[in-house]
Amino acid sequence: MNWGVFEGLLSGVNKYSTAFGRIWLSVVFIFRLLVYLVAAEKVWSDDHKDFDCNTRQPGCTNVCFDHFFPVSHIRLWALQLILVTCPSLLVIMHVAYREAREQRLRETKGDDYRCLYPNPGKKRGGLWWTYLLSLIFKAGVDVVFLYIFFRFYRNYTLPRVVKCELPPCPNVVDCFISRPTEKNIFTLFMVVTTCICVVLNLIEATYLIGKRCHECQQAGGGDSRR
C-alpha cells in the first residue's frame, strides 16, 4: 500500500468535512480499518483449516463449513469498508472538478473572468447535495451490512459447537469452530463501531440540513427587510 497516497486522501477528506465528519473518519480509520488490518484478519485466518467435525467422511467438513459460514466475516468487512469510504472520495473528486473548471475559465478569459466558485470547497449547490447524499449512502451501507451479518450469524455471535446433517455426512455430526470467543469479541466490537458511525452520519446530515435551513431563513429575512 502506498501510504503517501493514502495520507493525501485522508487529508483531503478531512479538509472538506465538518467536525462530525472528522470524528467519523477517525473512528473508521482507527477502530475499523486498523483493527481489521492488524488483528481481525489474523483471527479469521484459520477459520476453515481449524473447523473440525467428528467424522472422516470426505466432503462433510467442507459442506458443513460452507453452510455455517456462507460468507467470511473478513470478506464482508472488507467490502463494507470499501463501500463506506468511496463516497468521501466522490466529495474530493467534486471539489477537484470545481477547481479544474475554475482553472480552465481563468486560462480562457484571463483575469477578468467571472468567478464561479470563490471557495470551491464550500458546501454549496451541487457539492452540498453530493456531501449530503454521501452521508446517507454511508449510513445506508452500514445498516445493510448490519442486517446481513444478523441474517447470517444470529445475534452476531458464533456457537462453540454446531450440528450438521447435510449430505455427504453419514449422520448428525458435531463441528467445532476455531476460537469462537475471540471471534465473537471482534464481531461485537465491529458491530458497535459500525453503529457509532451510523449515528455520526445521521447527526452530520441533520447538522448540514439544519445549518442550510438557518442560512436560508436568514437570507429570506434580509430580503424582506430590504
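In case you wondered, yes, glycine gets a Cβ from its N, Cα and C as well.
Copied over from TrEMBL:
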- 42-75: domain 'Connexin N-terminal' (DOMAIN)
- 141-208: domain 'Connexin cysteine-rich' (DOMAIN)
- 20-39: transmembrane segment (TRANSMEM)
- 76-97: transmembrane segment (TRANSMEM)
- 128-150: transmembrane segment (TRANSMEM)
- 185-209: transmembrane segment (TRANSMEM)
Secondary structure tally of the domain 'Connexin N-terminal' (42-75) (DSSP, helix then strand then coil): 14 helix, 2 strand, 18 coil
Folded-back contacts onto the transmembrane segment (20-39), same chain, C-beta under 8 angstroms, at least six residues removed: 10, 13-14, 74, 77-78, 81, 84-85, 88, 186, 189-190, 193-194, 196-197, 200-201, 203-204, 207
Tertiary contacts of the transmembrane segment (76-97), as residues 6+ beyond its ends and Cβ separation under 8 Å: 9, 12-13, 16-17, 25, 28, 32-33, 36, 40, 120-121, 126-127, 130-131, 133-135, 137-138, 141-142, 145, 148-149, 190, 194, 197
Stretch-averaged pLDDT - the domain 'Connexin cysteine-rich' (141-208): 90
